[in-house]
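What Swiss-Prot records for this protein:
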type	residues	note
BINDING	LEU121, GLY125, HIS126, LEU127, SER355, PRO356, PHE357	(6S)-5,6,7,8-tetrahydrofolate binding site
MOD_RES	LYS229	N6-(pyridoxal phosphate)lysine
SITE	HIS228	site 'Plays an important role in substrate specificity'
Amino acid sequence: MLKKEMNIADFDPQLFQAIQEETRRQEEHIELIASENYTSPRVMEAQGSQLTNKYAEGYPGKRYYGGCEHVDIVENLAIERAKELFGATYANVQPHSGSQANSAVYMALLQPGDTVLGMNLAHGGHLTHGSPVNFSGKLYNIVPYGIDESGKIDYDEMERLAVEHKPKMMIGGFSAYSGIVDWARMREIADKIGAYLFVDMAHVAGLIAAGVYPNPVPHAHVVTSTTHKTLAGPRGGIILSAANDEDLYKKLNSAVFPGGQGGPLMHVIAGKAVAFKEALSPEFKEYQQQVVVNAKAMANTFIERGFDVVSGGTENHLFLLDLIAKDITGKDADAALGRANITVNKNSVPNDPRSPFVTSGLRIGSPAITRRGFKEAEAVELTNWICDVLDDINNEATIERVKNQVLELCAKFPVYG
């Protein structure tokens, strides 16, 4: 018999210590990685529930195993809430990740060798949008589009490439783009050549749910997202559509199961259901509004301090800091800030002369700092500390001073109070 008082601390002290140290790191470090966030204790409660024990291959009402009457309720709650949140008529909440959601879309809509128009990874796209090291770049003929000299998506180039190459699918969405995407313009281009429009909104899903960023669901044939990042739920993926095309919906479902996955993770789907309910609240909208305010405040402060922000600012939760003019590598900047308890990620910038393992930039995002309660004043103060470190990157005294300031600020704004 399994006893409820069983715990990790007594059974596996080594693992328990690692978990405790990570918990402390999250409380004592400022998190600026744009794709990271803090999920609620309610979501973690769902993920730690006995739902983890249940296999449920198939879909609600059409399972291959018995005993699914309760997990059917859980999955249907997640589906209906996702549809309400994004104005969709179809939702699949089973993908284990955003990348698996994306691979299901490829499988549902394309054949290997088909042409796909996707955003260049070096210009802000994602691995699954056609990078040669990813399945998408290996199995499909990828035509990349990018940004213009101002740092904005070049829709004229996109249209020219679409007309020239006639892709079967166009991809919108990004992992490092700070502007507003014109989903309607992309759909016009797709319709002009008879292509599917697939949007990966993983980075801005929370902003979209709160109405502070344009919703691609009314424009795209199919939309995918992660459920963490700005949405602040458990790590996982979803697929959405408002195309009112039952044949398309069947293809998407089949591409997830049995095409790409077996049993869904019912404890994670429960966490998704909780997160979607949280995202339907007025408090969530206020949070997302503050995310954008904080990101803009940070970008503006960097510019005032003489740093180069790609595209000159941000309209969402993230931006890229171009360090070429400062002659600092992203790798060195990442490491120096890490010693000051500020977590960022090195990132390639447009026309980056350095390798992806070194880079010339940083990607900075505001979702996590906003989640722990930072407002504009704290965002500006933090940005000035970052500038202090980067302006004198080898000065360990400055790094130590900033680290102490970070620890004081973190103590005032605990992640989990």
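Glycine too: its Cβ is placed from the backbone N, Cα and C atoms.
Where Swiss-Prot records a feature, it is marked here on the structure.
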| residue | record | Cβ neighbours (10 Å) |
| --- | --- | --- |
| LEU121 | (6S)-5,6,7,8-tetrahydrofolate binding site | 24 |
| GLY125 | (6S)-5,6,7,8-tetrahydrofolate binding site | 24 |
| HIS126 | (6S)-5,6,7,8-tetrahydrofolate binding site | 23 |
| LEU127 | (6S)-5,6,7,8-tetrahydrofolate binding site | 16 |
| HIS228 | site 'Plays an important role in substrate specificity' | 27 |
| LYS229 | N6-(pyridoxal phosphate)lysine | 28 |
| SER355 | (6S)-5,6,7,8-tetrahydrofolate binding site | 11 |
| PRO356 | (6S)-5,6,7,8-tetrahydrofolate binding site | 13 |
| PHE357 | (6S)-5,6,7,8-tetrahydrofolate binding site | 10 |
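Rounded to a whole number, the C-alpha distance linking PHE357 ((6S)-5,6,7,8-tetrahydrofolate binding site) with LYS229 (N6-(pyridoxal phosphate)lysine) is 23 angstrom. SER355 ((6S)-5,6,7,8-tetrahydrofolate binding site) and LYS229 (N6-(pyridoxal phosphate)lysine) have their C-alpha atoms 26 Å apart, to the nearest angstrom. The two recorded residues, HIS126 ((6S)-5,6,7,8-tetrahydrofolate binding site) and the residue listed as 'N6-(pyridoxal phosphate)lysine', show a Cα separation of 14 Å. Spread of the (6S)-5,6,7,8-tetrahydrofolate binding residues is 17 Å (greatest Cα-Cα distance among LEU121, GLY125, HIS126, LEU127, SER355, PRO356, PHE357). Distance from the CA of LEU127 ((6S)-5,6,7,8-tetrahydrofolate binding site) to the CA of HIS228 (site 'Plays an important role in substrate specificity') is 18 Å.
Annotation note: LEU127 ((6S)-5,6,7,8-tetrahydrofolate binding site) sits in a helical segment as assigned by DSSP.
The CA atom of LYS229 (N6-(pyridoxal phosphate)lysine) is located 22 Å away from the CA atom of PRO356 ((6S)-5,6,7,8-tetrahydrofolate binding site). When secondary structure is read from DSSP and collapsed to three states, SER355 ((6S)-5,6,7,8-tetrahydrofolate binding site) falls in the coil class.
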